[in-house]
Amino acid sequence: MSLLSERQREDLHKSMLDYLHANNFIAAFNALKADAGTEYVPDPKAKYAGLLEKKWTSVIRLQKKIMDLENRNAALQEELSMSPAKRAASQSDWVPRAPAAHVLTGHRAPVTRVAFHPQYSIIASASEDATVKIWDWETGEFERTLKGHTKAVMDVEFDHKGHLLVTCSSDLFIKIWDSQNEWKNTKTFPGHDHSVSAVRFMPGDQFIVSASRDRTIRVFDIASTHLVRTISGHAEWVRCVVPSDDAKLLASGSKDHTVRIWDAQTGESKLELRDHEHDVEVVAFAPIAAYAAIRELTGIPNTGLKRPGMYLASGARDRTIKLWDTQSGQMLRNLPGHDNWVRALAFHPSGKYLLSASDDKTIRVWDLSTGRCMKTIDAHNHFVTTLAWGRQPATGAAAPAVNGNGESASSAEPEKLVNVVATGSVDQTVRIWLP
C-alpha cells in the first residue's frame, strides 16, 4: 500500500465502506471498519457517496479511450511507414473540391493562362493586363511581376527543367524569361503577323511552337531565335497548339471549327478533324496513363500499344468536349454537359479523369472510362479561362528518350502524384485547389 499517502488510503477506505454500506454488506462493512480502524458514518451527501463506482467506470472509460488511441496510432504509424508511392496511390483519385485553398489577386484584367513550374511550388499566370505574375502556390504568396509585353499576354509555359519561361502576346511577340537570372527577359522573337494565341516548348526544350491569328503555326529555334518552320493549313485564327510527348505530332485547334494533326518534323497535315460546330478553344493529347480508360470507354481492344499522341481531347465554343483517335481521325466520344464555351482541358495524372473549365464558371470532372461527368465545381465568379494540373516530377517518364535527355521510359507510374490544380478567370483571380 506504500503507493498511497495516508490521506488517499483513508479516502479509499471510506469509499469502500460507503459502497459496502450502500449495498447492505453490513458484516463486511463492520469488519473493514474494525480492521482499518477507520471511523465512518455513512452520509448520502458526503463526497464518498458513490465515489467507488464513479472511479471504477471512469477507469473503464479511460482504458477504452487508450485502446482506441493506440489502435489509431498504430494505423497512422503503418500509413507513415508505407512508401511514398503507396501513400500517393491512396491519394491518386484526388480531384479538386470547393473551396479553393488560395485566391490569388493582383491582376488588373482577365487571367488568360496559368502554368506550373516542374520542380518548385511556383506558378506563373498570364493576363490581359500585359503582365505575367509569379506566385508560390503552396503559400498563396505573390512573388513578382514580369513586364515586357505591351498588350495582353495570351499564353505562358515553363520548359521541362523550369529554367525558362515562354510567353506570347497580342503584341505579336514571343518572349523567353530566365527564372534562374532574376526572371530577366533574355530573348524576344518577332513571332507572327498577328496576335499570338499560344506557345509551347517542344519536348527537349530546343524549340518552341506557336499559334497565331495570322492562321499559321510556327516553330522557332530557341538558341538562335530563328524561325525553323511555318505550318499553314487552317483557314482561320489558330487558337491553340500542343506537341505530343515524343515531339512527333502537333495538334491545333482553330476558329475554322477544325482540329488538325500535323507531322511536327515536316509540317505536313496528317488529319483534319471536323465535328465541332464552333471555334475550337483547346486541344490536349491524352497521356499514356489514360489509354486504358479511353479504350474501355470506346470499346477499342486494349492492344497495349503505348505510343504518345494516340488520343486527343478538344474543347470548343459549341460547349462540347470531343475525344479523337489521332491515327484514324475518328471521333470516339462526345462529352456534352457544359452550358457555355469550353476553354481548358487537363488530364488527371492517374489517367482516370479529364478536367474541363468553361465560361459557365465551373470545372467539370469526367470519368474517362464511362464518359460521365462525375463532379461539377463552381470555381469562379466569372468565365473560367484556364486550368492546369501541377506538373508531375516524372514528366520525362512518359516520353521515350527521343529528346536526348536520356530519360528512361520504364516507369509507367510516377513515384508520387503532385495533387494541385490552378484555374484562372475573367474575374481577374487565380485559384489554387489543394487536397
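Note: Cβ is positioned from N, Cα and C throughout, glycine not excepted.
Lifted from TrEMBL, the feature list:
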type	residues	note
DOMAIN	6-39	domain 'PAC1-like LisH-like dimerisation'
REPEAT	104-145	repeat 'WD'
REPEAT	146-178	repeat 'WD'
REPEAT	189-230	repeat 'WD'
REPEAT	231-272	repeat 'WD'
REPEAT	309-334	repeat 'WD'
REPEAT	335-376	repeat 'WD'
Non-local residues, at least 6 beyond the ends, that sit with Cβ under 8 Å of the repeat 'WD' (231-272): 194, 197-198, 200, 202-204, 209-213, 215-219, 278-285, 287-288, 307-309, 312, 314, 316, 324, 326, 329, 398-400, 402-403
Long-range environment of the repeat 'WD' (309-334) - Cβ separation under 8 angstroms, sequence gap at least 6: 244-246, 248-249, 251, 253, 257, 259, 261, 270-273, 275-286, 290-291, 294, 297-298, 300, 340-345, 347, 354, 356, 358, 366, 371
Long-range Cβ neighbours of the repeat 'WD' (146-178) (under 8 Å; 6 or more residues past either end): 109, 112-120, 122, 124-134, 184-201, 203, 205, 208, 210, 220, 222, 391, 395-396, 405
For the repeat 'WD' (146-178), the mean pLDDT of the predicted model: 97
